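I have placed the structure first, in the form of structure tokens, so that the comments after it can refer back to it.
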Amino acid sequence: MEAWLGSLLFLATMVIASKAVCSIENREIFPNQMSDDCMDADGNKHFLNTPWKKNCTWCSCDKTSITCCTNATRPLSYDKDNCDVQFHPENCTYSVVDRKNPGKTCRVDSWTM
């Protein structure tokens with residue numbers, strides 16, 4: 001019960017603080033896996049109820065699931081013929097720049113999570 005409440009608190013904090021988009025997946029348990037850890041999509045082990053971050057996505061796991069949230073908004077409506085999207089992993093943001101002149105930003109009409 002404590003683990004479930006911890007994961008719920010983590011999820012609620014991420015959603016409220018950042019208006020994040022989250023996904024919840026069932027936790028797979030493998031034969032050589034200890035019961036007090038979980039494995040991410042890259043095969044890395046993490047302790048239960050301990051958050052980790054990779055590629056601007058924050059994750060945590062409990063005994064039954066892995067919850068991951070991201071708050072990086074992506075450009076949706078922009079001039080796709082003349083502009084390129086650049087991702088900035090250091091601050092989890094995107095910018096849209098002119099393809100011929102990358103120093104010039106392009107107008108973005110809408111963003112999505």
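Each residue, glycine too, has its Cβ placed from N, Cα and C.
Remember, it's a predicted structure, so these values are computed and weren't measured experimentally.
What Swiss-Prot says about this one:
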- 1-20: signal peptide (SIGNAL)
- C22-C69: disulfide bond (DISULFID)
- C38-C61: disulfide bond (DISULFID)
- C56-C92: disulfide bond (DISULFID)
- C59-C68: disulfide bond (DISULFID)
- C83-C106: disulfide bond (DISULFID)
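A count of other CB atoms within 10 A of each Cβ picks out C38 as the most crowded of the disulfide-bonded residues C38, C56, C83.
Spacing of C38 (disulfide bond) relative to C59 (disulfide bond) is 11 Å (Cα to Cα, whole number). In sequence order, C69 are the disulfide-bonded residues from C69, C83, C92 with a C-alpha within 10 Å of the C-alpha of C59 (disulfide bond). Under DSSP, C56 (disulfide bond) is assigned to coil, being neither helix nor strand in the three-state scheme.
For the disulfide-bonded residues C22, C68, C92, C106, the greatest number of Cβ atoms within 10 Å around a candidate Cβ is found at C68.
Ranking the disulfide-bonded residues C22, C56, C106 by Cα distance from C68 (disulfide bond) puts C22 first.
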